[in-house]
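Taken from TrEMBL as is:
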- B:80: active site, charge relay system (ACT_SITE)
- B:161: active site, charge relay system (ACT_SITE)
- B:185: active site, acyl-ester intermediate (ACT_SITE)
- B:25-475: domain 'Amidase' (DOMAIN)
């Protein structure tokens, strides 16, 4: 449970948050027309007669968009409504050619579901919370107005007009900016696992309407405000921080919070009023008479369910339980679907290459994926050609390291060369002399020399100065030009020092 | 040789196929009639003689090569201006779409062209199909070619909304025309002009490319001189269209081939609720004639009840305007059609100016009604209640069709009235569709056939309502009446 509180002049306040997230559905064509949906096309290049609302044009539902929304609903353990219906939401605006948005008010496609969020990323098991999902419905996106193309006129780009959105409506279950942030991140992760939304917030593929109210702990809900179209996790959190504080200030100054729609200004991190309830549109919702009710059969639902991948929570539990990874590593590996995919590919290659079980190599692979490899890639910057970053090359490096042929440092050096050149890791190790020796004879000679050269330190170590062990290791490695297998060095030193 | 413009669809099709005359000769004859009559009747908003000739030439060329000229091969028709026709102005008789030439062809019109029909022009109509007299058109009233005996030369309404269609067919400007019927807009004008028109089951004809009025009610259908001609043309118009989600995914029956006036074993229902106090005596008489004719054709006559009939019209005038208020929101001056942009106008000003100037009074009235009934706080009291009524009306018909095969009723409560008679009284105007609206609300096939003339020498129509998908039963009953009514009257040419 969150104990986030606003400290007001008159005492503590609790924040209540609900989110409506609009997620653009991944599909080749729009919700009710055959026009394409790719981002970044020339204005009005992806507009059908339906999208432009020409006279006599009719919407026809796109099966793939419905399928994606159903799969999303299944991924959050939600009720899938086999009978749903589209409604028209009527209002005039230049980016809305029909004069109405086709949405689902009365009978949404997806009903109640839930998402489990993790409040501490370092300790995913430690503090979790379930956020209720009220519904998911599908609807059309609007077009876009461009105000910077002409001195006195605004232009309209209808490429986005009619693109399918899922509106994912949470219960007012969140109590802090951190919880809301964790919810948006988790939702994004799930959507990207399912493949129903690319989760790209910069391109507007995911935007949130943030509902915020404040109350004294334990009292009924206060009046809420809705801040529209917030397009990053950070901005969602800022919106809540600012809006909650503003509401507390209003109430403590003797005022009342007005139910209204607000806008977030990313430049100032504040919100401002857009329109109050009195000015709110009367959307005159009614069932769209151009469309029949949407009825889903069992075969369709079964196909949707069968097509779902392993979801992030299940994956995380498997990584911990079956692979023996730490909760932190499991959480990190499953946060992005691409990371998990890379991990699993490399895990399989590595286990095969080393002739071991996946569990035996899982920690090595996890450390490589999460910290070592990203470190090298980041250090190289644009010098790294990620096309060279193949699972086979990574697995080869890990295998050499596991066999003791190369040290951790050498692994990084080889990886660096692989990324720059695409050369074969084994060939690099040979050609560049990036191998460590496990030749006991050579190492033993070096150890003997070090001990012989430092009789005083040997004496001191035997007298109880344990810390000198590192000194002997260092001297031996130095004598071996860093290419000795540290494990062999350790073993020999321990043996000779008694 | 008979005058070509006296011929109907079947006769033209067969005559062209057998080489009695060419399609071009037919097209030229009708083009000439259109040109000669249109100033007086105002049935066409745009004449397209070149389109008619072009299609006719293609049919003649096909025939010369020994190819089948098509179901409607060589038949020139009029196209209601509600159908989008590629490159030809399509306005729904509204100023707001004046000059709009779509880049697409409606499914129904395309099917007709594919079947060998040609276009004589775009027919006048009530604006956005809202009206029962063709007086709401931005392009002026259509005048009914019929005149009342002893009624002077007062212009009569041709009915509406397909008033251009009905007037043009009755006056022999075209052998057939397309109509659309939302709450009687094919049947009532057919009755007012002594022609035949059928609204098929909702979903038979694709709505794709038809300017929408009330989507859950709009249905296209043919208007022609007799039942056979309607059957032929409906076959060409109907069929599943994946571009219309409400389109029926069913094969089109061979209506023409299965036409039969034999009513033996058929039960004809007479709905007692359609017999109203103060009903016009001539209407009652024609209804009784219809009963006699169908009994003569072998049918059993049964008394039936449609108890919610009286709620149909009020519910219709909630549902249809509600849908219209939303369907017409796209006419906003942003993308096509009229744009009124006063000096210094912002977006809201542009909307207001464009829609104020572009829509006629009746269209505005219905947008206002529709907006009102969908408003927060009124929705349940009006729209939800009207939908419940609609369901009850469907149940009425379902129960009735357990007892009968088709239903016989008058098409309209009166014969054609004078232009201007009801134009100041919307409720009186709306009442004209009292017999037509219930079948629309239930999505059922219904047709009007001429039944005779009233005391003023004006035509009256009888309506046959069938069960869903049973256009054949409707057409057959229509044919049985047609053969016995012997309706051969036509308007005296005065134009």
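Positions of Cβ are set from backbone N, Cα and C atoms, glycine also.
Unlike curated records, TrEMBL annotations are generated automatically.
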Other CB atoms within 10 A, centred on residue B:80 (active site, charge relay system): 31
Cβ neighbours of residue B:161 (active site, charge relay system) where a neighbour is any other Cβ within 10 Å: 35
Residue B:161 (active site, charge relay system) versus residue B:185 (active site, acyl-ester intermediate) - Cα distance in angstrom: 5
Within the predicted model, mean pLDDT of the domain 'Amidase' (B:25-475): 97
Rounded to the nearest Å - Cα separation of residue B:80 (active site, charge relay system) and residue B:161 (active site, charge relay system): 10
DSSP-derived structure type at residue B:161 (active site, charge relay system), helix or strand or else coil: coil
Cβ neighbour count (within 10 Å, all chains shown) around residue B:185 (active site, acyl-ester intermediate): 37
Three-class DSSP secondary structure - residue B:80 (active site, charge relay system): strand
The residue listed as 'active site, acyl-ester intermediate': secondary structure state under DSSP, collapsed to three categories: coil
